[in-house]
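Database features, via TrEMBL:
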type	residues	note
TRANSMEM	20-42	transmembrane segment
TRANSMEM	48-69	transmembrane segment
TRANSMEM	81-103	transmembrane segment
TRANSMEM	109-131	transmembrane segment
TRANSMEM	186-208	transmembrane segment
TRANSMEM	220-243	transmembrane segment
TRANSMEM	273-291	transmembrane segment
TRANSMEM	298-321	transmembrane segment
TRANSMEM	333-358	transmembrane segment
TRANSMEM	394-415	transmembrane segment
TRANSMEM	466-493	transmembrane segment
TRANSMEM	505-526	transmembrane segment
């Protein structure tokens, strides 16, 4: 066996013939599952753990061709491909191309598919450039990634780790069956305590504001304003981190060692923005916006689309990094609303929101997969091996995306002809058709101020504003109570057990998240069939 502490000198390659064949098959299965679930239930469950189970099961098949998959690193590639393909097909591709169809413009499916595929790929590659930097540290929580890595380790090593993970998974399954959001409970034991406390407060505020204060905070656009203010400040904080890092004296040691330095992050942001500009121009041309918009409006649309994608990926990425939850739908809706305030026509808005919506899930999901790989490869202790492995994960993800794009291109009409659309598409369409509330800009600016202030107070390490806004965008008060209860138990257990508690809590929490993911996946499949 190849354990995480006994890394090989050379990382397995995604394009090895046997590995590539298996990745393509797994990606196709994952893509079909993602399409089926999002069109019937409107959500896509976390399939990283399903990918882990598939990889472990394949490694135990007594065939010579599958013997290499006993390597935890090959299992990580399989897990990454399935996870990427599922989210890509459902959230990043089918959802965007459904928007123009619902608005009565089916002729825009192919331009939107091309634009969405490019946005998805750019987002994925950007996180590859930014992962394990000061902005998106490998040592940060990324909770589903921890769960995936612990599951692979348990399957490889067995022993007490497997028993504790199995017990946690059983608790996660039981809690999910009872209606408790066990992923939220597990996250409380892994993420930053301050950030998660703000997340829990946000969830409770959204859930009980109408009953307690007589005001529905969604109707006054408080969550949207908070996220706009916090998101802008978060991006500014990231840029400040990069600039300060470049100005550090060469002899001044860094506090933490990262595999991506500040110069690499700066280049990644610049290249990402340029790629988004190019993709937005292509979408505008193929989507016919040249005839619908004047020269000034067209330039504004392209710039706004590119900037929105960058800010949206930061919002979604930071939320996913700290809490394991990412409000990609709500974030896209925020930028759609601002686009309406800028006066873009309906078709330009449809292409805009589809373009933005395509990227966020890819960014967050890639973070989880890279986190799993980072843990399995020894937490960056061997930088060369870590970067080589992450590069292979990039290739595995691109394979998943390519297969997902082909599956969507070949099968989307099967769903649309039966009037099966992701439910959130109706929200986007109705928002575009409803037009702009005259007082909307004032409401957004009003609540953007406290969002910006809270984000400033928390700083880039805690992301208080982003996590508070994330909570207010999600209608799930039970998750709020669950997160806060988990934090209390985490603090109490650590005081009781001391430093040794961290490892135990992480493995158990991975089990809670795994149990929740398995229940969600199985329950979703059951509902689609019955």
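In case you wondered, yes, glycine gets a Cβ from its N, Cα and C as well.
Between the transmembrane segment (48-69) and the transmembrane segment (505-526), three or more CB pairs separated by 6 or more residues in sequence fall under 8 Å, so the two stretches touch. Counting only same-chain residues 6+ beyond the ends of the transmembrane segment (273-291), those with a CB under 8 A from a CB of the stretch are 108, 110-112, 114-115, 118-119, 122, 125, 298, 301-303, 305-307, 309-310, 347-348, 351, 355. With Cβ pairs under 8 Å as the measure, the transmembrane segment (505-526) is packed most heavily against 186-208, out of 109-131, 186-208, 333-358. By number of Cβ pairs under 8 Å, the transmembrane segment (220-243) is matched best by 298-321 from the list 20-42, 109-131, 186-208, 298-321, 394-415. Tertiary proximity for the transmembrane segment (333-358) is limited to same-chain residues at least six positions away from its ends with a CB under 8 Å from its CB atoms, namely 91-93, 95-97, 99-100, 103, 105, 108, 111-112, 115-117, 119-120, 123, 224, 227-228, 279-280, 283-284, 287-289, 292-293, 297, 300-301, 304-305, 308-309, 311-312, 427-429, 431-433, 435-436, 440-441, 444. Per-stretch counts of Cβ pairs under 8 Å to the transmembrane segment (394-415) identify 20-42 as the leading one among 20-42, 186-208, 298-321. Long-range contacts of the transmembrane segment (186-208) within the same chain: residues 140-141, 143, 146-147, 168, 172, 217-218, 223, 322-325, 454, 458, 461-465, 467-487, 489-491, 505-506, 508-513, 516, each at least 6 residues beyond the stretch ends and with a Cβ under 8 Å from a Cβ of the stretch.
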